[in-house]
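Copied over from Swiss-Prot:
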- 79-320: domain 'ABC transporter' (DOMAIN)
- Gly111, Pro112, Ser113, Gly114, Cys115, Gly116, Lys117, Ser118: ATP binding site (BINDING)
Amino acid sequence: MHKKIDPQTKELYLQKKGEYKEKIKELVQKKKELLSTDNKDELIKINEKIKRYKILYKNKDPNLIHFKDDYNFDNIFEIDNYNLWYSNKAKHALKDINLGIKKNKVTALIGPSGCGKSTFIRSLNRMHDLTDGVSKTGSIFFLSKNIYSKTLPELELRSKVGMVFQKPTPFSLSIYENIAYALKSHGIKDKIKIDQIVKESLEGAALWDDVKDILFQSAHGLSGGQQQRLSIARAIALKPEVLLMDEPTSALDPIATNKIEQLIHQLKKSYSIVIVTHSMAQAQRVSDETVFFYEGRVLEHGTTKQIFTQPNNEKTKDYIDGRIG
């Protein structure tokens, strides 16, 4: 438990524990009544609710909210009052972020260099856990679950939230093993199943036709654009719900960039996509929604059409028009 807990938080915490205890009793009684019926679907729902309330009841940290009760399930992520510091609080990188990211949409993050875009996108799958001196406050919810709660283990989060980096990151393995390795590391051992997922993932990344005859050759023999599509194939192999893309085309030529952008349009049918881009033209081409970051804050969030044609914030307009950068 944190050392400093204000009395109001502690009082609310104890009140909630009492409510959760009563809710568990009520659900257990309802479960007993349902056991004599054939309503298996309702029993499954009741068991899930009991499990959830037991987690809430056992929570020993009053400052950690495991679930968000009023979560809007049109969103894949909801971020509440999120702050992040680097270098033992020497640098305040993200400031009071409140944001909802919609499901099955492409959301572009734009803003000047150093404004917090990449810091933010890496927060969504806990990549900052690997960085010394990082501290944070506030909450990030993924489908109502706090990503820092034990209700959502880190490995599960990483499998549901895939990441594609600025530069292609093929392993020093064959094209096939680049994808198979990720599957094996997540416990998939059956070769027939692995073969199937490798093929499906390469098809999903529009790469299968390019590599089907050279699957066991080194991935480093692929072009930059092909390597980036391989990175995407590796990310979607685990069947995530979200793809995070941190400037995925900045190291590619215009032809390869165009292929990735076309692929993004296809991928959004199955995945929610968050993309960091410095290209205003790219943001307009690929995204449904746009978020403008400035000096660690979200200054504006709206549909891409609204942000680029009728921005509400003067700084958003100045950035889009090239007056600040």
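Cβ atoms are placed via backbone N, Cα and C, with glycine included.
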Neighbours of Gly111, Pro112, Ser113, Gly114, Cys115, Gly116, Lys117, Ser118 excl. site residues, C-beta within 8 Å of centre, ATP: Thr119, Phe293
Position of peak Cβ density within 10 Å, selected from the binding-site residues Ser113, Ser118: Ser118
In the chain carrying Gly114 (ATP binding site), residues 6 or more apart in sequence that have Cβ under 8 angstroms from it: none
Segment confidence, the domain 'ABC transporter' (79-320), expressed as mean pLDDT: 95
Nonlocal neighbours by CB distance (under 8 Å) for Pro112 (ATP binding site), same chain, sequence gap 6 or more: Tyr294, Tyr319, Ile324, Gly325
Secondary structure at Cys115 (ATP binding site), reduced by DSSP to three states: coil
